[in-house]
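Chemist: I have a structure I would like to understand better, so I am pasting it below and will then ask my questions one at a time.
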Amino acid sequence: MTALTLSTAAAPGLRADAIVIGVAKGAGGPSVAPGAEAVDKAYDGRLAGVLETLGASGAEGEVTKLPAPAGFKAPVVVAVGLGAEPEKDAGFDAEALRRAAGAAARALAGAKKAAFALPLTEAADAGVVAEGVLLGAYSFDAYKESAKDAKGAKGKGNGKAPLAEAALLGGKPRDKAYKAAVERAAAVAEELNRARDLVNTPPNDLNPEAFAAVAQAAAKEHGIKVQVLDEKALVKGGYGGILGVGAGSASGPRLVKLSYTSPKAKKSLAFVGKGITYDSGGISLKPAGHNETMKCDMAGAAAVFAAVVAAARLGLEVNVTGWLALAENMPSGSATRPGDVLRMYSGKTVEVLNTDAEGRLVLADALWAASQEKPDAIIDVATLTGAMMLALGSRTYGIMANDDAFRSAVHEAAEESGEPAWPMPLPEHLRKGMDSPTADIANMGERMGGGLVAGLFLREFVGEGITWAHLDIAGPAFNEGGPFGYTPKGGTGTAVRTLVRVAERVALGDLG
Ligand code: BES
Ligand code: MN
Ligand code: ZN
(Lines of atoms letter the chains of each structure in order from A and count residues from 1; the text may use other names and numbers.)
(Lines give C-alpha, C1' and ligand atoms only; values in the text may rest on other atoms or scores of the structure.)
(Ligands and ions follow the chains in the order given, each with its own letter.)
Protein backbone atom coordinates (compact mmCIF):
# COMPACT_ATOMS: atom_id res chain seq x y z
CA MET A 1 0.00 0.00 0.00
CA THR A 2 1.04 3.60 -0.55
CA ALA A 3 3.31 4.91 2.23
CA LEU A 4 1.84 8.01 3.85
CA THR A 5 3.51 10.82 5.80
CA LEU A 6 2.44 14.12 7.31
CA SER A 7 4.77 16.88 6.19
CA THR A 8 5.52 20.50 7.05
CA ALA A 9 7.69 20.96 3.95
CA ALA A 10 7.01 23.86 1.59
CA ALA A 11 5.87 22.85 -1.88
CA PRO A 12 8.66 24.50 -3.96
CA GLY A 13 11.61 22.66 -2.39
CA LEU A 14 9.92 19.29 -2.18
CA ARG A 15 11.43 16.38 -4.08
CA ALA A 16 8.49 14.55 -5.63
CA ASP A 17 7.09 13.57 -9.00
CA ALA A 18 4.07 15.80 -8.57
CA ILE A 19 2.31 18.30 -6.31
CA VAL A 20 -1.44 17.81 -6.00
CA ILE A 21 -3.58 20.90 -5.46
CA GLY A 22 -7.32 21.43 -5.16
CA VAL A 23 -9.48 23.47 -7.56
CA ALA A 24 -13.02 24.47 -6.63
CA LYS A 25 -15.88 25.49 -8.84
CA GLY A 26 -16.42 29.19 -8.09
CA ALA A 27 -19.09 31.58 -9.35
CA GLY A 28 -16.71 33.16 -11.85
CA GLY A 29 -14.72 30.09 -12.84
CA PRO A 30 -12.26 27.76 -11.14
CA SER A 31 -10.62 28.91 -7.90
CA VAL A 32 -7.47 27.56 -6.28
CA ALA A 33 -8.31 25.85 -2.97
CA PRO A 34 -6.50 26.70 0.28
CA GLY A 35 -3.31 24.73 0.83
CA ALA A 36 -1.94 25.62 -2.59
CA GLU A 37 -1.00 29.26 -1.86
CA ALA A 38 2.73 28.69 -2.45
CA VAL A 39 2.02 27.01 -5.77
CA ASP A 40 -0.28 29.81 -6.91
CA LYS A 41 2.30 32.40 -5.87
CA ALA A 42 4.95 30.70 -8.02
CA TYR A 43 2.61 31.16 -11.01
CA ASP A 44 2.40 34.87 -10.06
CA GLY A 45 -1.10 34.32 -8.69
CA ARG A 46 -2.37 33.41 -12.14
CA LEU A 47 -2.99 29.71 -11.52
CA ALA A 48 -6.79 29.96 -11.57
CA GLY A 49 -6.65 31.68 -14.96
CA VAL A 50 -4.16 29.13 -16.32
CA LEU A 51 -6.42 26.31 -15.19
CA GLU A 52 -9.45 27.92 -16.78
CA THR A 53 -7.57 28.29 -20.07
CA LEU A 54 -6.65 24.59 -19.86
CA GLY A 55 -10.36 23.81 -19.61
CA ALA A 56 -10.56 23.12 -15.88
CA SER A 57 -13.76 24.08 -14.08
CA GLY A 58 -13.19 22.64 -10.60
CA ALA A 59 -15.84 19.97 -11.08
CA GLU A 60 -15.60 16.92 -8.86
CA GLY A 61 -13.22 14.26 -10.14
CA GLU A 62 -11.69 16.47 -12.83
CA VAL A 63 -7.90 16.08 -13.10
CA THR A 64 -5.71 18.63 -14.91
CA LYS A 65 -1.94 18.15 -15.21
CA LEU A 66 0.36 21.08 -15.88
CA PRO A 67 4.11 21.71 -15.74
CA ALA A 68 5.26 22.99 -12.36
CA PRO A 69 6.44 26.64 -12.15
CA ALA A 70 10.11 27.51 -12.40
CA GLY A 71 12.05 26.85 -9.21
CA PHE A 72 9.96 23.87 -8.15
CA LYS A 73 11.78 20.57 -7.56
CA ALA A 74 8.66 18.60 -8.56
CA PRO A 75 8.12 18.68 -12.33
CA VAL A 76 4.32 18.45 -12.44
CA VAL A 77 1.30 20.01 -10.75
CA VAL A 78 -1.87 17.93 -10.64
CA ALA A 79 -4.99 20.03 -10.08
CA VAL A 80 -7.95 18.01 -8.90
CA GLY A 81 -11.55 19.20 -8.81
CA LEU A 82 -13.28 19.57 -5.43
CA GLY A 83 -16.69 20.57 -6.73
CA ALA A 84 -18.58 23.68 -5.57
CA GLU A 85 -16.75 26.16 -3.33
CA PRO A 86 -17.99 25.80 0.26
CA GLU A 87 -20.09 28.55 1.87
CA LYS A 88 -18.07 31.31 3.50
CA ASP A 89 -16.36 30.08 6.74
CA ALA A 90 -17.25 26.46 6.02
CA GLY A 91 -14.61 23.90 5.08
CA PHE A 92 -14.75 21.53 2.16
CA ASP A 93 -17.09 18.59 2.57
CA ALA A 94 -15.23 15.48 3.81
CA GLU A 95 -16.44 13.30 0.96
CA ALA A 96 -15.41 15.91 -1.64
CA LEU A 97 -11.88 15.88 -0.19
CA ARG A 98 -11.80 12.09 -0.02
CA ARG A 99 -12.90 11.73 -3.63
CA ALA A 100 -10.52 14.39 -4.92
CA ALA A 101 -7.58 12.79 -3.11
CA GLY A 102 -8.62 9.44 -4.57
CA ALA A 103 -8.97 10.74 -8.13
CA ALA A 104 -5.54 12.38 -7.91
CA ALA A 105 -3.93 9.24 -6.47
CA ARG A 106 -5.46 7.22 -9.31
CA ALA A 107 -4.17 9.69 -11.91
CA LEU A 108 -0.70 9.31 -10.39
CA ALA A 109 -0.40 5.55 -10.92
CA GLY A 110 3.15 4.83 -12.01
CA ALA A 111 4.61 7.75 -10.00
CA LYS A 112 6.89 7.18 -7.04
CA LYS A 113 6.09 10.13 -4.81
CA ALA A 114 3.48 12.86 -4.72
CA ALA A 115 2.85 15.71 -2.31
CA PHE A 116 -0.77 16.55 -1.57
CA ALA A 117 -1.35 20.27 -0.93
CA LEU A 118 -5.10 20.00 -0.36
CA PRO A 119 -7.07 22.13 2.13
CA LEU A 120 -6.50 20.72 5.64
CA THR A 121 -8.21 22.77 8.32
CA GLU A 122 -8.34 20.13 11.05
CA ALA A 123 -7.05 16.67 11.93
CA ALA A 124 -10.14 14.98 10.53
CA ASP A 125 -9.34 16.46 7.09
CA ALA A 126 -5.94 14.75 7.15
CA GLY A 127 -7.67 11.46 7.92
CA VAL A 128 -10.11 11.94 5.08
CA VAL A 129 -7.40 12.85 2.54
CA ALA A 130 -5.28 9.91 3.72
CA GLU A 131 -8.25 7.58 3.22
CA GLY A 132 -8.91 8.95 -0.25
CA VAL A 133 -5.26 8.53 -1.29
CA LEU A 134 -4.94 4.99 0.07
CA LEU A 135 -8.23 3.82 -1.42
CA GLY A 136 -7.69 5.63 -4.74
CA ALA A 137 -4.20 4.19 -5.21
CA TYR A 138 -5.56 0.64 -5.15
CA SER A 139 -5.00 -1.72 -8.05
CA PHE A 140 -5.54 -5.45 -8.50
CA ASP A 141 -2.91 -6.92 -10.81
CA ALA A 142 -2.25 -10.30 -9.20
CA TYR A 143 -3.37 -12.10 -12.36
CA LYS A 144 -1.83 -9.78 -14.97
CA GLU A 145 1.38 -11.55 -15.93
CA SER A 146 1.82 -9.29 -18.97
CA ALA A 147 2.07 -6.28 -16.68
CA LYS A 148 4.96 -7.67 -14.64
CA ASP A 149 8.69 -7.54 -15.36
CA ALA A 150 11.02 -10.55 -15.16
CA LYS A 151 11.26 -10.18 -11.38
CA GLY A 152 7.50 -10.18 -10.97
CA ALA A 153 7.27 -6.45 -10.18
CA LYS A 154 4.58 -4.30 -11.75
CA GLY A 155 5.44 -1.61 -14.22
CA LYS A 156 5.58 -3.21 -17.65
CA GLY A 157 3.09 -2.38 -20.38
CA ASN A 158 0.01 -0.67 -18.99
CA GLY A 159 0.35 -2.32 -15.57
CA LYS A 160 1.36 0.86 -13.77
CA ALA A 161 2.20 0.34 -10.12
CA PRO A 162 0.08 2.35 -7.67
CA LEU A 163 1.52 5.59 -6.29
CA ALA A 164 4.25 4.44 -3.88
CA GLU A 165 4.52 7.40 -1.52
CA ALA A 166 2.32 10.34 -0.51
CA ALA A 167 3.18 13.30 1.71
CA LEU A 168 0.31 15.37 3.10
CA LEU A 169 1.51 18.99 3.20
CA GLY A 170 0.29 21.17 6.05
CA GLY A 171 -0.18 17.95 7.98
CA LYS A 172 1.21 18.76 11.50
CA PRO A 173 3.25 15.57 12.05
CA ARG A 174 3.72 16.35 15.76
CA ASP A 175 0.03 16.86 16.49
CA LYS A 176 -1.48 13.81 18.20
CA ALA A 177 -4.89 14.23 16.60
CA TYR A 178 -3.41 14.48 13.09
CA LYS A 179 -1.27 11.40 13.67
CA ALA A 180 -4.21 9.43 15.06
CA ALA A 181 -6.43 10.40 12.12
CA VAL A 182 -3.84 9.20 9.60
CA GLU A 183 -3.17 5.98 11.51
CA ARG A 184 -6.88 5.21 11.64
CA ALA A 185 -7.22 5.89 7.92
CA ALA A 186 -4.28 3.60 7.17
CA ALA A 187 -5.66 0.68 9.21
CA VAL A 188 -9.15 0.98 7.74
CA ALA A 189 -7.93 1.48 4.16
CA GLU A 190 -5.50 -1.41 4.35
CA GLU A 191 -8.18 -3.83 5.53
CA LEU A 192 -10.71 -2.40 3.07
CA ASN A 193 -8.25 -2.92 0.21
CA ARG A 194 -7.79 -6.51 1.39
CA ALA A 195 -11.57 -6.97 1.17
CA ARG A 196 -11.41 -5.62 -2.41
CA ASP A 197 -8.66 -8.16 -3.19
CA LEU A 198 -10.84 -11.00 -1.89
CA VAL A 199 -13.80 -9.84 -4.00
CA ASN A 200 -11.59 -9.52 -7.11
CA THR A 201 -9.92 -12.91 -6.65
CA PRO A 202 -11.38 -15.32 -9.20
CA PRO A 203 -13.70 -17.98 -7.79
CA ASN A 204 -11.49 -20.87 -8.90
CA ASP A 205 -8.90 -19.60 -6.42
CA LEU A 206 -11.21 -18.38 -3.65
CA ASN A 207 -13.54 -21.17 -2.58
CA PRO A 208 -14.98 -21.39 0.94
CA GLU A 209 -11.99 -23.33 2.25
CA ALA A 210 -9.51 -20.81 0.84
CA PHE A 211 -11.48 -17.85 2.24
CA ALA A 212 -11.56 -19.52 5.66
CA ALA A 213 -7.79 -20.01 5.51
CA VAL A 214 -7.27 -16.30 4.76
CA ALA A 215 -9.47 -15.41 7.75
CA GLN A 216 -7.59 -17.83 9.99
CA ALA A 217 -4.22 -16.34 9.07
CA ALA A 218 -5.37 -12.76 9.61
CA ALA A 219 -7.00 -13.63 12.91
CA LYS A 220 -3.77 -15.16 14.14
CA GLU A 221 -1.82 -12.06 13.11
CA HIS A 222 -4.16 -9.69 14.95
CA GLY A 223 -4.99 -11.62 18.12
CA ILE A 224 -8.53 -12.43 17.04
CA LYS A 225 -10.08 -15.73 18.11
CA VAL A 226 -11.17 -17.78 15.14
CA GLN A 227 -13.29 -20.89 14.77
CA VAL A 228 -14.01 -22.62 11.45
CA LEU A 229 -16.87 -25.07 11.11
CA ASP A 230 -16.18 -27.37 8.18
CA GLU A 231 -18.76 -29.54 6.45
CA LYS A 232 -18.59 -32.26 9.08
CA ALA A 233 -19.07 -29.78 11.91
CA LEU A 234 -21.92 -28.08 10.02
CA VAL A 235 -23.70 -31.43 9.63
CA LYS A 236 -23.19 -32.19 13.31
CA GLY A 237 -24.51 -28.75 14.28
CA GLY A 238 -27.55 -28.92 11.99
CA TYR A 239 -26.73 -25.94 9.75
CA GLY A 240 -29.20 -26.97 7.04
CA GLY A 241 -29.21 -23.61 5.26
CA ILE A 242 -25.45 -23.36 4.69
CA LEU A 243 -25.24 -27.07 3.82
CA GLY A 244 -28.20 -26.87 1.44
CA VAL A 245 -26.61 -24.04 -0.55
CA GLY A 246 -23.19 -25.73 -0.61
CA ALA A 247 -24.57 -29.17 -1.51
CA GLY A 248 -24.01 -28.86 -5.27
CA SER A 249 -20.39 -27.73 -5.09
CA ALA A 250 -17.21 -29.78 -5.13
CA SER A 251 -15.87 -27.23 -2.60
CA GLY A 252 -17.63 -27.68 0.74
CA PRO A 253 -19.13 -24.79 2.73
CA ARG A 254 -17.70 -23.24 5.90
CA LEU A 255 -18.94 -21.06 8.74
CA VAL A 256 -16.19 -18.87 10.15
CA LYS A 257 -16.52 -17.11 13.50
CA LEU A 258 -14.07 -14.31 14.32
CA SER A 259 -14.15 -12.93 17.86
CA TYR A 260 -12.42 -9.70 18.74
CA THR A 261 -12.74 -8.85 22.43
CA SER A 262 -11.63 -5.76 24.30
CA PRO A 263 -11.06 -5.89 28.07
CA LYS A 264 -12.75 -2.48 28.28
CA ALA A 265 -15.83 -3.39 26.23
CA LYS A 266 -19.26 -2.58 27.60
CA LYS A 267 -21.19 -3.62 24.48
CA SER A 268 -21.04 -6.38 21.91
CA LEU A 269 -21.76 -6.36 18.19
CA ALA A 270 -22.18 -9.21 15.73
CA PHE A 271 -21.49 -8.69 12.02
CA VAL A 272 -22.77 -11.39 9.65
CA GLY A 273 -21.60 -11.60 6.03
CA LYS A 274 -22.96 -13.41 2.97
CA GLY A 275 -20.02 -15.30 1.54
CA ILE A 276 -21.11 -17.04 -1.65
CA THR A 277 -17.72 -17.43 -3.33
CA TYR A 278 -19.55 -17.99 -6.63
CA ASP A 279 -23.26 -17.73 -7.34
CA SER A 280 -24.21 -19.67 -10.47
CA GLY A 281 -27.81 -19.73 -9.26
CA GLY A 282 -27.61 -23.48 -8.68
CA ILE A 283 -30.30 -25.64 -10.34
CA SER A 284 -32.22 -22.37 -10.92
CA LEU A 285 -29.22 -21.51 -13.06
CA LYS A 286 -28.56 -17.88 -13.94
CA PRO A 287 -28.60 -17.14 -17.68
CA ALA A 288 -25.45 -15.92 -19.42
CA GLY A 289 -25.10 -12.22 -18.82
CA HIS A 290 -25.99 -12.61 -15.15
CA ASN A 291 -23.17 -14.74 -13.85
CA GLU A 292 -19.94 -13.14 -15.10
CA THR A 293 -19.52 -10.97 -11.99
CA MET A 294 -20.86 -13.46 -9.46
CA LYS A 295 -17.48 -13.89 -7.82
CA CYS A 296 -18.55 -10.72 -6.02
CA ASP A 297 -21.24 -12.58 -4.08
CA MET A 298 -18.95 -12.92 -1.06
CA ALA A 299 -18.50 -9.14 -0.73
CA GLY A 300 -20.60 -9.06 2.45
CA ALA A 301 -18.37 -11.63 4.14
CA ALA A 302 -15.26 -9.78 2.91
CA ALA A 303 -16.60 -6.53 4.41
CA VAL A 304 -17.37 -8.19 7.75
CA PHE A 305 -13.94 -9.80 7.81
CA ALA A 306 -12.19 -6.50 7.07
CA ALA A 307 -14.25 -4.62 9.67
CA VAL A 308 -13.45 -7.10 12.46
CA VAL A 309 -9.72 -6.95 11.68
CA ALA A 310 -9.85 -3.14 11.51
CA ALA A 311 -11.67 -3.00 14.88
CA ALA A 312 -8.91 -5.17 16.37
CA ARG A 313 -6.13 -3.06 14.84
CA LEU A 314 -7.75 0.11 16.18
CA GLY A 315 -8.22 -1.49 19.60
CA LEU A 316 -11.86 -0.37 19.76
CA GLU A 317 -13.45 -0.78 23.19
CA VAL A 318 -16.28 -2.98 22.03
CA ASN A 319 -16.55 -6.74 21.44
CA VAL A 320 -17.07 -7.57 17.78
CA THR A 321 -17.89 -11.01 16.45
CA GLY A 322 -17.78 -11.62 12.71
CA TRP A 323 -19.65 -14.51 11.10
CA LEU A 324 -18.70 -15.47 7.55
CA ALA A 325 -21.28 -17.76 5.91
CA LEU A 326 -19.24 -19.31 3.10
CA ALA A 327 -20.56 -21.57 0.34
CA GLU A 328 -20.38 -21.99 -3.42
CA ASN A 329 -23.77 -22.15 -5.18
CA MET A 330 -23.44 -24.70 -7.99
CA PRO A 331 -25.72 -27.06 -9.92
CA SER A 332 -24.90 -30.78 -9.86
CA GLY A 333 -26.38 -34.17 -9.03
CA SER A 334 -25.97 -33.43 -5.33
CA ALA A 335 -27.34 -29.88 -5.50
CA THR A 336 -30.44 -28.70 -3.67
CA ARG A 337 -33.47 -28.77 -5.99
CA PRO A 338 -36.31 -26.29 -6.26
CA GLY A 339 -38.91 -28.06 -4.12
CA ASP A 340 -36.50 -29.38 -1.51
CA VAL A 341 -37.13 -28.55 2.14
CA LEU A 342 -34.19 -27.59 4.35
CA ARG A 343 -34.18 -27.87 8.12
CA MET A 344 -32.38 -24.75 9.26
CA TYR A 345 -30.05 -24.25 12.25
CA SER A 346 -32.90 -22.44 14.04
CA GLY A 347 -35.14 -25.51 13.65
CA LYS A 348 -37.45 -23.81 11.13
CA THR A 349 -38.04 -25.52 7.79
CA VAL A 350 -37.65 -23.72 4.46
CA GLU A 351 -39.06 -24.78 1.12
CA VAL A 352 -36.51 -23.83 -1.52
CA LEU A 353 -38.52 -22.57 -4.47
CA ASN A 354 -35.57 -20.97 -6.21
CA THR A 355 -32.00 -22.09 -5.58
CA ASP A 356 -30.81 -18.67 -6.75
CA ALA A 357 -32.27 -17.12 -3.58
CA GLU A 358 -29.39 -18.74 -1.69
CA GLY A 359 -27.96 -15.79 0.21
CA ARG A 360 -30.88 -15.66 2.65
CA LEU A 361 -30.41 -19.38 3.36
CA VAL A 362 -26.78 -19.13 4.45
CA LEU A 363 -27.47 -15.87 6.31
CA ALA A 364 -30.41 -17.42 8.16
CA ASP A 365 -28.13 -20.00 9.80
CA ALA A 366 -25.42 -17.44 10.57
CA LEU A 367 -27.95 -14.94 11.99
CA TRP A 368 -29.36 -17.63 14.27
CA ALA A 369 -25.84 -18.67 15.34
CA ALA A 370 -24.97 -15.01 16.07
CA SER A 371 -28.24 -14.60 18.00
CA GLN A 372 -27.36 -17.42 20.41
CA GLU A 373 -24.70 -15.17 21.98
CA LYS A 374 -27.21 -12.37 22.59
CA PRO A 375 -25.15 -9.47 21.22
CA ASP A 376 -26.43 -5.91 21.74
CA ALA A 377 -26.97 -5.67 17.99
CA ILE A 378 -26.49 -7.65 14.79
CA ILE A 379 -25.74 -6.19 11.36
CA ASP A 380 -25.70 -8.44 8.31
CA VAL A 381 -24.13 -7.43 5.01
CA ALA A 382 -25.05 -9.12 1.74
CA THR A 383 -25.11 -8.82 -2.04
CA LEU A 384 -28.62 -10.12 -1.64
CA THR A 385 -30.99 -9.01 -4.39
CA GLY A 386 -31.05 -7.62 -7.90
CA ALA A 387 -34.24 -5.89 -6.77
CA MET A 388 -32.24 -3.61 -4.46
CA MET A 389 -30.11 -2.55 -7.44
CA LEU A 390 -33.27 -1.76 -9.41
CA ALA A 391 -34.51 0.33 -6.48
CA LEU A 392 -31.37 2.24 -5.51
CA GLY A 393 -28.97 1.95 -8.44
CA SER A 394 -25.41 0.74 -8.39
CA ARG A 395 -23.88 3.16 -5.89
CA THR A 396 -26.29 3.12 -2.93
CA TYR A 397 -27.00 0.26 -0.57
CA GLY A 398 -30.29 -0.37 1.25
CA ILE A 399 -30.67 -0.52 5.04
CA MET A 400 -33.51 -2.50 6.61
CA ALA A 401 -33.94 -3.10 10.35
CA ASN A 402 -36.27 -4.32 13.08
CA ASP A 403 -35.67 -1.06 14.96
CA ASP A 404 -36.16 2.42 13.47
CA ALA A 405 -33.63 4.14 15.73
CA PHE A 406 -30.95 1.58 14.93
CA ARG A 407 -31.62 1.87 11.20
CA SER A 408 -31.15 5.63 11.45
CA ALA A 409 -27.97 5.20 13.49
CA VAL A 410 -26.50 2.84 10.87
CA HIS A 411 -27.51 5.29 8.14
CA GLU A 412 -25.74 8.11 9.99
CA ALA A 413 -22.61 5.98 10.33
CA ALA A 414 -22.76 5.33 6.57
CA GLU A 415 -23.03 9.06 5.83
CA GLU A 416 -20.14 9.88 8.16
CA SER A 417 -17.98 7.35 6.34
CA GLY A 418 -18.82 8.49 2.82
CA GLU A 419 -20.83 5.39 1.90
CA PRO A 420 -24.12 6.21 0.12
CA ALA A 421 -26.97 4.26 1.74
CA TRP A 422 -30.72 4.63 2.10
CA PRO A 423 -33.33 3.31 4.57
CA MET A 424 -35.82 0.78 3.22
CA PRO A 425 -38.99 -0.54 4.90
CA LEU A 426 -40.00 -4.09 5.86
CA PRO A 427 -43.72 -4.02 4.96
CA GLU A 428 -45.60 -6.69 6.94
CA HIS A 429 -48.00 -7.50 4.09
CA LEU A 430 -45.13 -8.98 2.05
CA ARG A 431 -44.58 -11.76 4.59
CA LYS A 432 -47.55 -13.88 3.48
CA GLY A 433 -46.11 -14.20 -0.02
CA MET A 434 -43.52 -16.53 1.53
CA ASP A 435 -46.12 -18.86 3.07
CA SER A 436 -45.36 -22.42 1.99
CA PRO A 437 -47.89 -25.26 1.76
CA THR A 438 -45.17 -27.68 2.88
CA ALA A 439 -42.70 -25.92 5.17
CA ASP A 440 -42.65 -23.07 7.73
CA ILE A 441 -41.61 -20.58 5.06
CA ALA A 442 -40.50 -20.48 1.41
CA ASN A 443 -37.28 -18.79 0.28
CA MET A 444 -39.15 -16.66 -2.24
CA GLY A 445 -42.17 -14.41 -2.17
CA GLU A 446 -43.70 -11.69 -4.32
CA ARG A 447 -41.44 -10.44 -7.07
CA MET A 448 -42.36 -6.80 -6.46
CA GLY A 449 -40.30 -5.46 -3.57
CA GLY A 450 -37.94 -8.44 -3.80
CA GLY A 451 -35.27 -6.73 -1.68
CA LEU A 452 -37.75 -6.13 1.13
CA VAL A 453 -39.08 -9.71 0.87
CA ALA A 454 -35.52 -10.95 1.38
CA GLY A 455 -35.19 -8.67 4.43
CA LEU A 456 -38.42 -10.06 5.88
CA PHE A 457 -37.11 -13.61 5.38
CA LEU A 458 -33.92 -12.79 7.30
CA ARG A 459 -35.90 -11.19 10.14
CA GLU A 460 -37.41 -14.62 10.90
CA PHE A 461 -33.97 -15.89 11.88
CA VAL A 462 -32.95 -13.09 14.26
CA GLY A 463 -33.27 -14.05 17.92
CA GLU A 464 -36.19 -12.63 19.90
CA GLY A 465 -35.53 -9.13 21.20
CA ILE A 466 -32.21 -8.60 19.39
CA THR A 467 -31.67 -5.32 17.53
CA TRP A 468 -30.81 -6.08 13.90
CA ALA A 469 -30.06 -4.27 10.67
CA HIS A 470 -29.59 -5.70 7.18
CA LEU A 471 -27.45 -4.00 4.51
CA ASP A 472 -28.22 -5.10 0.94
CA ILE A 473 -25.06 -4.06 -0.93
CA ALA A 474 -25.85 -5.81 -4.25
CA GLY A 475 -25.53 -2.47 -6.09
CA PRO A 476 -22.33 -0.86 -4.81
CA ALA A 477 -20.30 -3.97 -3.87
CA PHE A 478 -18.90 -4.39 -7.37
CA ASN A 479 -18.25 -1.50 -9.75
CA GLU A 480 -18.87 -2.65 -13.31
CA GLY A 481 -18.35 0.84 -14.70
CA GLY A 482 -15.17 2.89 -14.82
CA PRO A 483 -13.34 4.04 -11.69
CA PHE A 484 -14.46 7.27 -10.00
CA GLY A 485 -13.12 9.21 -7.00
CA TYR A 486 -11.45 6.62 -4.77
CA THR A 487 -13.63 3.78 -6.11
CA PRO A 488 -11.89 1.37 -8.48
CA LYS A 489 -13.42 -0.88 -11.07
CA GLY A 490 -14.38 -4.26 -9.56
CA GLY A 491 -14.59 -4.90 -5.81
CA THR A 492 -15.23 -1.69 -3.87
CA GLY A 493 -15.07 -2.66 -0.19
CA THR A 494 -18.54 -1.22 0.41
CA ALA A 495 -19.83 -1.37 4.01
CA VAL A 496 -16.41 -1.81 5.65
CA ARG A 497 -16.30 1.84 6.69
CA THR A 498 -19.91 1.85 7.88
CA LEU A 499 -19.28 -1.20 10.09
CA VAL A 500 -16.10 0.29 11.54
CA ARG A 501 -17.91 3.58 12.23
CA VAL A 502 -20.79 1.77 13.96
CA ALA A 503 -18.28 -0.13 16.12
CA GLU A 504 -16.48 3.12 16.98
CA ARG A 505 -19.71 4.82 17.98
CA VAL A 506 -20.88 1.87 20.06
CA ALA A 507 -17.45 1.84 21.78
CA LEU A 508 -17.83 5.57 22.55
CA GLY A 509 -21.31 4.90 23.93
CA ASP A 510 -23.05 7.30 21.51
CA LEU A 511 -25.07 4.74 19.59
CA GLY A 512 -27.87 2.77 21.22
N1 BES B 1 -26.35 -12.77 -5.61
C2 BES B 1 -27.64 -12.52 -6.14
C3 BES B 1 -28.03 -11.04 -6.11
C4 BES B 1 -27.19 -10.13 -6.95
C5 BES B 1 -27.60 -9.80 -8.23
C6 BES B 1 -26.04 -9.55 -6.45
C7 BES B 1 -26.84 -8.95 -9.00
C8 BES B 1 -25.27 -8.69 -7.23
C9 BES B 1 -25.68 -8.39 -8.51
C10 BES B 1 -28.68 -13.31 -5.34
O11 BES B 1 -28.25 -14.51 -4.81
C12 BES B 1 -29.83 -13.62 -6.25
O13 BES B 1 -29.60 -14.35 -7.17
N14 BES B 1 -30.99 -13.07 -5.96
C15 BES B 1 -32.17 -13.30 -6.74
C16 BES B 1 -33.30 -13.62 -5.79
C17 BES B 1 -34.54 -14.10 -6.47
C18 BES B 1 -34.29 -15.47 -7.09
C19 BES B 1 -35.65 -14.18 -5.45
C20 BES B 1 -32.43 -12.03 -7.53
O21 BES B 1 -32.22 -10.94 -7.01
O22 BES B 1 -32.80 -12.16 -8.69
MN1 MN C 1 -28.40 -16.12 -6.19
ZN1 ZN D 1 -26.24 -14.65 -4.42
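Glycine is no exception: its Cβ is also placed from the backbone N, Cα and C atoms.
Nobody curates TrEMBL annotations by hand; they come from automatic prediction.
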Chemist: If TrEMBL says K274, D279, D297 bind Mn(2+) 2, which of E221, E351, E358 does it name for the same site?
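Modeler: Candidate listed by TrEMBL for the same site: E358.
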Chemist: Around K274 (Mn(2+) 2 binding site), how many other C-beta atoms are within 10 angstroms of its C-beta?
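Modeler: I get 33 for this one.
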Chemist: If you run through the domain 'Cytosol aminopeptidase' (354-361) with DSSP, how many residues end up as helix, strand and coil?
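Modeler: Going through the domain 'Cytosol aminopeptidase' (354-361) residue by residue, I get 3 helix, 0 strand, 5 coil.
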Chemist: Which one is it: of the active-site residues K286, R360, which Cβ has the fewest other Cβ atoms within 10 Å in this structure?
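Modeler: Comparing Cβ neighbour counts within 10 Å for the active-site residues K286, R360 gives K286.
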Chemist: Should anything in the same chain at least six residues away from the domain 'Cytosol aminopeptidase' (354-361) have a Cβ under 8 Å from its Cβ atoms, list it; otherwise answer none.
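Modeler: Same-chain residues near the domain 'Cytosol aminopeptidase' (354-361) but 6 or more away: 241-242, 244-245, 248, 274, 276, 279, 281-286, 297, 327, 329, 331, 335-338, 342, 344, 382-384, 443-444, 454, 457-458.
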Chemist: Can you list the residues of the same chain, besides D279, D356, E358, whose Cβ falls within 8 Å of the Mn(2+) 1 site's Cβ centroid?
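Modeler: So the additional residues around the site are V245, I276, S280, G281, G282, S284, K286, D297, N329, T355, A357, G359.
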Chemist: Determine, using Cα-Cα distances only, which of these recorded positions is closest to K274 (Mn(2+) 2 binding site): K286, D356, R360.
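Modeler: Closest recorded candidate to K274 (Mn(2+) 2 binding site) by Cα: R360.
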